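Feature annotations, reproduced from TrEMBL:
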type	residues	note
DOMAIN	8-241	domain 'ABC transporter'
TRANSMEM	331-351	transmembrane segment
TRANSMEM	414-432	transmembrane segment
TRANSMEM	444-465	transmembrane segment
TRANSMEM	472-492	transmembrane segment
TRANSMEM	565-588	transmembrane segment
DOMAIN	635-884	domain 'ABC transporter'
TRANSMEM	1061-1079	transmembrane segment
TRANSMEM	1091-1111	transmembrane segment
TRANSMEM	1118-1139	transmembrane segment
TRANSMEM	1204-1225	transmembrane segment
Amino acid sequence: MSQCPSLPRLSNVYDALGSLQKAQIYRYNHRGSSTMYAGSGKSSFLNALSGRTQNGRLNVTGSITYNGSVDIGAFRSAYLVQQDILPAMLTVREILSYASELSLDSAGASEIDRAVDNIISRLGLENCSETRIGDSKNKGCSGGERRRVSIGIQLLKATSVLFCDEPTTGLDATTAFQVIRTLKRLADSGMTVVISLHSPRSDAWSLFDNVIILSGGHLMYSGLPSTVGDYFKDCGYEMPPFVNPADFLLDVTSVDVRSEASKSNSRARVEHLKQCWMNRLATNGANCLSNHRDICDSMDFDSKVPSYSRVCKVMTQRNFKICWRDWKSLLGIWCAVAALAAINGWAFWQLDGSLSGIRSRQGSLWDATGLYGYLILVHEICRLVEEIGLFDHERRDGILSASAFLLSRRASRFFLEDLSLPLLFTAIYYPMVGYRGSASQVCIFLLVMLFTHYLAIGFASLCVATTRSFHGAGLMGNLFFTLQMVASAYFIQTDQTPPYARWLKWVTHTFYTFGTLCANEFIGVHGPYEGNLYDCPFSADRTDPRCKQYTGRFVMDSLGMPKEWVWRPIVILWSMTCVFHLSGAFVLHINHPKPPPTPIERVGSPGSTEVGIQPRYNRSVTPVSLCLEDYALTAKRQQSTRRNVTSTIFRICGPVSTRFQPGKLNVIMGASGSGKTSLLSSLAERLPPSSSSKWCRTGSALYNGTQLPKVQIRSMVSFVAQDDDNLMPALTVAETLLFAARLKLPSSMPDDEKRGRVSEIITKFGLESCARRLVGSAIVRGISGGEKRRLSIACEVLTMPQVLILDEPTSGLDSFMALTVLEVLQSLAAEGCTIILTAHQPTSSMWSLFSSCLLLSPDGLPLYSGEASEMRSYFHSAGFECPMAVNPADFFMDLATSGETQGNSEDSKKRLDNLVNAWKSHESYARKQSFDSRAGTERGRTELIPDFATHSHHSSATAFPVLVHRAVLNTLRQPVSILARSIQAPGVGLLLALFTAPMKTDYLSIQTRMGVIQQYSALAFIGMLQNIATFPPEVDVMYRETSEGLYNIEAFLAQYTILELPFEAFSALIFALLLAYAAKLAPEADLFGFLFFSAFCTLNSGESISMLFYLVFDHISLAVSFTASLLAMFTVLGGVMSLDPPKVLQWFNYISPVKYAVTSISVLTMRDLTFTCAEEQRDVNGKCLIETGEQVLQLYKFNQKNPWLEALGGVVAMLCYRLLVYAILKVKVKRLNSRGMRDLLRGWRREKAGEDERGLMLSTLNA
C-alpha cells in the first residue's frame, strides 16, 4: 500500500479535541513497512486511512490512494480497534479457530489447527486457551488475555493491510514487545502494518520503519525513526543518552497542564515544533508524488475471501455453541413459553360450549398467537441488542454480511428454539384448552404457531437493525404489537373500525393468524357452512334459528372474518414471513452504525467548572498497613457432563505474603493473566459474582494487624477498576466530579469548597480541556478513552481515601500523562494514603516512583516482594543482571513472563520454576528474621482500628437532592430515552382512538368496548420495557456507590421513583385523554379521572414487576422472559379473555394490576349504557341478545364488583410491588456488601488457626 498525499488535509470544522488539525503529510509506505503514530488524533487518522470515517461533520479534503486506487475495498484490510469485542461464551481456541475458518477460504482443518496453535504460542495464550472469554457476570479471561485474542484474530486474516489502534493497551511490557515483533514479521513478509502506540519500550523502537508523531492533531514529524533524533536536535531538543526515544518524543510534544507556567512553556514548544515541520515540508515535500506512483505500479494483492456458504456454515456452528452455552437465556425462554402455555391453558381449561365458553374460546385463540408472539418478540429484541455490536464489528472487518448473520442465527437455533418452542407451546396448550382433536386441525394450529414465531423473530431483527438500541427497538416493537392487537378483529370488531383504518387489518399478521385459528376451530378445514355447533340448549340441529349464536359461522361473522379462511391466510402468512425477514436483512445491510457525532459545542454550565481553586480540603488520614500472610485466591468451577457434575479448582494467585505500606506507591506487576486484577478485587472486596464458579480465599489479609469485616473494608478502600463503565454518559467531566464530591465528601463541607476541590483535581489530572465535555458512550460522542481513565481515578482521589487500589491506572494513557497520574498518586501517598496499583508497561521515569513491588509469575506465584530499589540486587544474586541501559521494569517483566523473548517455552518454564523456588527460600528466611518485629508492630497498630474512618452513609435527606439532580441531568441529555419513556403509552392510546373513534352503542360495540378496556394490560408491558431500558445501568451504579457507603438504598429508590413518576403521569394522562374524549369511552370528567388513575397504577406496577425479576435473576433476558410471562397471565385473567378461570388461578387476580384496572373501568363505563342491535342479532322473541350494560357486566361477571374497591386494590398492588422491590433490593445490597454467617465462621476459624500457628512459631523461635 502506498499513500501520497496520505492525508493532505483532514480538518474538523468544529475543532474538537483529539481530531486532526490542518496538516500536510507527504509520506509513502513501502510494502512491508510498519508505521507507528504517537500523539493526538491517532484514531481519527487511522479511521481515515482505513476508510472508516463516516462522521458527516468531518470535512475531508485531499486524497488517500492504495496502489493508485482510492478504493480500499479493492483489497482486503483489517482493523484492530481499541475495544475487545468478543463472544463471551467461547474459549480462546474456539474464537481463534472460527476466525481462521472465516478468513482462510481454502484452508483445511489441519492447516487451521496449526495456524491457531502458532498464534496461541506467539501470543502466550497457552494457559488460557481453553478458558472462556467471559464478561462482567461470568469470570473468564483477563483484560490482557482478551487483548491478545483480539490481536490474534487480526493476525489470522490474510489481509494486505493491517491497521492497529493501540494494540498493546492492557498488555504487559514483554507481551507487548512480542506483539510488535509479530507485527514486524508480518510487515517483513509483505503486509503493510499501520499501528498507533502510546509508549513503546525502547527495544521496540528499532522495529519501526516509519514514524509519524501527532500532537493535538498537528503533525510534529513523519519519517524514519533513525533520523528522528537528528531532526529534533536541529529543532533545538537533543535526545539524552539511555532514554527511551518514544518517552522523550512524547514529553517534548506534549502540553504540560499541571501549572500555568508549564502550560505556557510547553505550548510554546509545541508551536515551535509545528512550525519547524511546516518549514521542512515546504522544502522537501515536492518529491513524494512521483516516487509514490512508481511504487504503486509494482504492487498487487490477492483479495480472495471465503465463500458465502462457508461463512454461513462456520457462523451456524459458532452460534449454536454460543446459544447452547448461554443456558440462562435458553432456559429462560423455554420456561417462559412452558409457563405461558401451562398457566393460560389452565385458565382456559377444557372450555365448554356455552356462550361464555365460546367467548373464552375466542380469547384463548387470540392468546395463543398474540401473547406468544409478543413474548418471542421482546426476548429476541433483548438478545439482538446484545449481539448486534459483535456483528457490526465483524462486518467492518469484512467477515460477515447481514444476510449471513441472520441466516446463521436462525439455522443454529432451529432445533433449540424455532421448532421446539412452537411445538412445546402446542403440546401443552392445545389439549389443556380442549380444542377439536383431528390431526389436520392440530397440524394447522402448529403451523400457525410456527409462522407466529418466525414473524416475531423477523420483526425483531427489523427493529434492532433500524435503531440498534433497546429504547428504539422496544418502542417500535411495542407499537407494532399494539397495531396487531387492535387490527386483529378480536378486541375491536372489524365492522366497528372507521373506514380510514379498516384497511390496516390486511397488513397485520395477527388478523391472519387469529383468523386462521378461528376458522380452524369454529368451521374446520372441510366443515359445513354453518360450522361447528356448540352446546345449544334448544336443539342439536345447527340450522335451528334458536342455536344460531352457538354456531361457528355466527362467531366468524361477528368477528368480521371472510369465508374460506384457512389456506389463503396461511399462504399470506408465508409471504409476510419472507417480507419481514428480507426487510430486516435489507435494513441491516444498508444501515451501517455511524460513529457518534462530534458535539458542536461543549455542554455544561460555566458555573460548574469555573469556580476558583479554594483552600484544599484536608483531613487526618489514619495510616493503614495491609499485610498478606499466605494469601491465596482460587476459583471452584462446576462443569456438568452427561453423567454428573464435576468441580475443578483453579488457582488464580498465591499463596502470597507481602506488606503494602502507607505513604508509598505499592505496585503489583506480572504477566497478563497472572491474577493481578483478581487479587486487587479480592483485597478491595469487589470480586465479581459468577454463576459458573465460586471464589475461595485462604490465608489472611490484615489491616494494621487486624482482619476486618467485609463491610468495613468496602467502605474504607476505594477501588478503580480497569473499565470505566460506571461513568454516566450524559454528564460532563466537571459534573461527574462535582456530583462525586457532593456524595463522597462530608455533608458539613461547604459546596464552594467542594467545587474548589473539583477544580484542583481537574487541573492535576489534566482534564481542563475536556471539563465541559460529555463523558459519552457508544451512542453519544464524548471524551477519549484516556480521559475516561483519568476521570475514573480522579473520582476516587477526591476523598483522600485511606486505601486506594487501582487496576491498571495508566492503561490507555501515553507515557507523559501516565507519569502525571502517578505523580498525583505519589502526592496522595505522601499524605498518608496507602496506594496499591498494578502496572503493565511502566517507563523508566515511572519505575523510579515505585517504592515496593510484588512481582507475580504467570501462575500467580510470587517471584519477589519487597522494596523496588532492592530488586536489581536480589535478581543479581539469583543470576539475572539488569543492564544499565535497560528499563528495570521491562527487564523484570521479561523475567516474569514465559515468552519467546526468553528462548523456548521449556527454558522459560524452568527459569520461572527456579525463580519461584528461590523466592520461597528467601521468603522463608526473611520471615523468620522479621517475624518478631512485624508481629510486635502489628499488635501495636491494633489499637488504631477504632479510629478507622469508614464512610458512613449520607442521610437520605442529604443524598436525595444530589441523586435527583444528577439523574435529571443524565436523563434530559438523552432524547432517545425521553422519547421512548414518553411516547409508548400515548402511541397505544392513539392507535386505539384511530380504530374506535367514536365508539358506538350497538351489539357489536360490546366486544369493541371490552377489547379497548382490555388494552390496559398493554400498559403493564410498556412499564416493563421502560424499566428494562433504564433500571439495569442505574442499579449497577447504585451497587458500586452503596458499597462505598455513599448513600443508602432508600435514597436511590426514592430518586428513581421521583424521576419515573413524571414520565408515567404524562404517559397515563395522554393515554386516558385519548380513550376518554377521542374514542368516547368515558367523556365525563369524573370517569376520565378513573381512566387516568388506573393507567398510572398499571404502568407503575409493570415497572415494579420488571424491577423485581431483574433483581432476582440479574440477567436481562431472563427478567424479560419471566416478566412477560407473568404479565401475559395477568392479561388472560383480566376478565375479558377468560371468563371463568379455575378457582386457584383466580387468586392471582388479587396481585394483578390489570384485573383491578379492567374491572373498575368496565363497571364505571358500562353500567349505564343501553345497546341496540340489527335484525339478525335478535333472538326468536325479537329482543336483542344484550340490551343493557348491566347484562354485559353480568356476562363478564363484573356485576358484583365495587369500582371504588377495585381502584383501591390497584393502588395497594402498586404500593406493595414497589415495597417488595425495596425489600429485595435491601436484602441484595446487604448480601453484596457484608459477609454472611458462613463467611464469619470461616474467618473466625482461620483467625483461630493463625493464632495457634503463630504461637507455635514463636515458641520454636524462642527455643
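A Cβ is built for glycine as well, from the same backbone N, Cα and C atoms used for every other residue.
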Check: In terms of Cβ proximity under 8 Å, which residues at least six beyond the ends of the transmembrane segment (1091-1111) contact it?
Finding: 985, 1016-1017, 1019-1024, 1026-1028, 1031-1032, 1035, 1060-1061, 1064-1065, 1067-1069, 1071-1072, 1075-1076, 1081-1082, 1118-1120, 1122-1123, 1126-1127, 1153-1154, 1156-1157, 1160-1161, 1207, 1210-1211, 1213-1214, 1217-1218, 1220-1221, 1224-1225, 1228
Check: Apart from its near flanks, which chain residues at least 6 from the ends of the transmembrane segment (565-588) lie with a Cβ under 8 angstroms of it?
Finding: 402-403, 405-406, 444, 447-448, 451, 454-455, 457-459, 461-462, 465-466, 509, 512-513, 515-516, 518-520, 523, 525, 556
Check: Which range out of 414-432, 444-465, 1061-1079, 1118-1139 gives the transmembrane segment (331-351) the most CB pairs under 8 Å?
Finding: 1118-1139
Next item on the list: Grab the same-chain neighbours of the transmembrane segment (414-432) for me: Cβ-Cβ under 8 Å, and only residues 6 or more beyond its ends, written as numbers and ranges.
Entry: 320, 323-324, 330, 333-334, 337-338, 340-342, 344-346, 348-350, 368, 372, 376, 442, 445-446, 449-450, 452-454, 457
Next item on the list: Calculate the per-residue pLDDT averaged over the domain 'ABC transporter' (635-884) and state the result as an integer.
Entry: 85
